[in-house]
């Protein structure tokens, strides 16, 4: 976050940016990071041509969806697995015919799966050894840190628990960047030997350059591996971006793939609202992710079931409150709405005005329980009480949850 003198700046948190695997790998390749050679195809014929152009000993064909677990997924075409290895370009064409345009279901997709629109046709490389490497922003260090382990290709959290001595951490001076000796030491810690050590160190420096240039908050490579031919390759990577840098990373943010979101999530994002649908019948309308999770928990503890997680964020405007209610009331599962606002940055009076306007114009037909606390709360309570609307006020979160659950039970 930066300070601007003489001008009020309002930062509104946004939803996470979603990039497909091929997009992340292209960004890495554009910054000199070594990845597998690949092409992207959106038809079986294009996939065949891509496989022929690769001239690779072996080819890996990957369905491009955001959800994990592709390898064990099932297509509604009958094909099993969203990742396939073959040496024959013709087989790539046949497989692509059963992937593109069909739904792939994995443990992380909705029940009906997600439609595959593109496939990645890549050179398959043998991995002699797998390591783990990441660069991330660390609050405790007030800046970026490198984290590495010679044990890659596995869950790094598990390594940290079972073999903490195999986790290496190095702080990076934000002004000087990654120094040569730091990159070399990390390469040694990861177990690279001989000429591979310098090659790995060069890749580490390029990854840090990428981290800075694209305003990333995390670049995680797992596995960061070596091939039998003596090449250091970033086989798989996860990149998180600073959403507040969207104004200077327009090309990257234009890649955002919203096609796999629920339509209501995309609608919410238009108004800078964060929406996650759940299975219950009590809508949660809050400001801040932490408060949203606490509200969902306390509803459950009182015998209710949250219908969603809707976060207004900090820079809320009256129009957003109205749109939030519009989204919530459009969900047929919702039988009650619980508003839980803690006004720090948020002005409670703005929320109250938005609530009354929404109730009047949308002709709210479900019980509404409101708990407001913080900035301008007395004015907000006056607005609600004088509105003449059937709004149930609550003293605290526990009281609000009990009243919301009771309102549903009465039906």
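One-based numbering along the chain as shown.
Just so it is clear, glycine is given a Cβ too, placed from its N, Cα and C backbone atoms.
Feature list (source: TrEMBL):
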| type | residues | note |
| --- | --- | --- |
| BINDING | 36, 69, 70, 71, 125 | GTP binding site |
| BINDING | 222, 236 | Mg(2+) binding site |
| BINDING | 287, 344, 345, 346 | substrate binding site |
| DOMAIN | 18-224 | domain 'ATP-grasp fold succinyl-CoA synthetase-type' |
| DOMAIN | 286-405 | domain 'ATP-citrate synthase/succinyl-CoA ligase C-terminal' |
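Cα separation, residue 69 (GTP binding site) to residue 236 (Mg(2+) binding site), rounded: 14 Å.
The binding-site residues shown are 36, 70, 71, 344; of these, the one with its CA atom nearest the CA of residue 236 (Mg(2+) binding site) is 36. Residue 287 (substrate binding site) has none of the binding-site residues 36, 70, 71, 125, 222 nearby, counting only those with a Cα within 10 angstroms of its own Cα. According to DSSP, the domain 'ATP-citrate synthase/succinyl-CoA ligase C-terminal' (286-405) comprises 58 helix, 24 strand, 38 coil.
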